[in-house]
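According to TrEMBL, the protein has these features:
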- SER62, TYR131: Fe-coproporphyrin III binding site (BINDING)
- HIS194, GLU292: Fe(2+) binding site (BINDING)
Amino acid sequence: MSDHTEAGTAAPYDALLLLSFGGPEGPDDVVPFLENVTRGRGIPRERLKEVGQHYFLFGGVSPINAQNRELLEALRKDFAGHGLDLPVYWGNRNWAPYLTDILRELTEDGHRRVLVLATSAYASYSGCRQYRENLADSLAALEAEGRTVPRVDKLRHYFNHPGFVRPMADAVLTALAALPEDVRDGAHLAFTTHSIPTAAADTSGRPEAHTEDGAGGAYVAEHLDTARVIADAVREATGTDRPWKLVYQSRSGAPHIPWLEPDICDHLEELHASGVPAAVMVPIGFVSDHMEVKYDLDTEATAKAAELGLPVARAATVGADPRFAAAVRELVLERAATERGLAPERCALGALGPSHDVCPVGCCPARSPRPAAAGAE
Ligand SMILES: CC1=C(CCC(=O)O)c2cc3nc(cc4[nH]c(cc5[nH]c(cc1n2)c(C)c5CCC(=O)O)c(CCC(=O)O)c4C)C(CCC(=O)O)=C3C
Ligand SMILES: [Fe+2]
């Protein structure tokens, strides 16, 4: 990674917006939060009750907001330390601080061109376009208040950026070290991400990346690329070639609709049945510790492994790692330079290369088309 010790310029941008999912911060928040998340999404009631219980198990507090506050601090510290004078704001789509309120604040503070960092590294409707739809909704709400709204662009997907991948590779090494020594060399790597409907996976990414055979489009291809880079880095660091697989977690939706499989718990069962002595779960689909990590991996899958007698360890998420904060700065400077008509270096590991800056028409389409900001439409 290049070290920008000199002050870069973010012009033409005058603010960065950290845009995230949001999560409850106490028991009274859980039900209204779930109502916000699932409005119009057709999630079965039983599933909602179940997910509510996951939150109540942790006092109704999701780890996601604390993680975003830490990331916000890490970004401000990194920018200040590198002479990058760019204010950073934070807003969520499903819980306070709400996106519309933060965009209103940005507008009142006089910002005219805003760059958005979404806390989702990959292409998919849920991880990309839905955030763009939320931006469009919030901008429309502010326009309805009679405001002149800022122009909003979104940073490219960073799944293969070294500042995102390297902390995860190190986290796998730390997790391996936590396994009993006699099973460490035989441990398999289980890379996990959020399951999504196969229909959504197949249409993820640019139209050229769409697949019709359940291969999972850009969503699966990008995760496989990241997983491969991490597995290679771990092999180089340990001298041991460990088998790995991309598996899924946190499935919701009706049972008759196909979602990406196998589930992490079924995978652990299969590993155990085939005599594998241990596994490391690597949540590459999550930028930080969300409830999906705390419950679905650290609680449910870990209990499953204990029941099987399979030693497992869970690799840390990237969270507020300073290397990730530095990567965001590089991505900001890169995009700003591109907007100024330059052709900056675009860092990317793996085989897919750097993702597009602007989602083209037809990228990660919604089931029913709605306005989306920060794209080519
Ligand atoms: C791809 C993806 C990401 C990663 C990208 C990104 O990070 O954005 C993600 C993140 C998150 N998902 C989260 C929470 C929930 N997601 C749900 C439902 C769904 N997620 C989906 C996909 C994704 N979700 C999908 C296809 C559904 C079905 C309904 C629909 O089609 O919209 C539900 C409803 C209950 C349930 O069914 O589980 C909840 C409560 C939280 C907050 C966790 C916390 O509080 O720490 C976070 C970060
Ligand atoms: Fe989700």
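Yeah, the Cβs are placed from backbone N, Cα and C, and that goes for glycine too.
All annotation found in TrEMBL is predicted automatically rather than curated by experts.
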- prompt: Can you tell which of SER62, GLU292 has the most other C-beta atoms within 10 Å, given these are the binding-site residues?
  reply: SER62
Nearest-integer angstrom distance between the alpha carbons (Cα) of HIS194 (Fe(2+) binding site) and TYR131 (Fe-coproporphyrin III binding site): 16
- prompt: Which binding-site residues from the list SER62, TYR131, HIS194 come close to ligand 1, meaning a Cβ under 6 Å from one of its atoms?
  reply: SER62, HIS194
Field: Number of Cβ atoms other than its own within 10 Å, given for TYR131 (Fe-coproporphyrin III binding site)
entry: 24
Rounded Cα separation (Å) that holds between GLU292 (Fe(2+) binding site) and SER62 (Fe-coproporphyrin III binding site): 9
Field: Neighbouring C-beta atoms (10 Å sphere around the C-beta of HIS194 (Fe(2+) binding site))
entry: 24
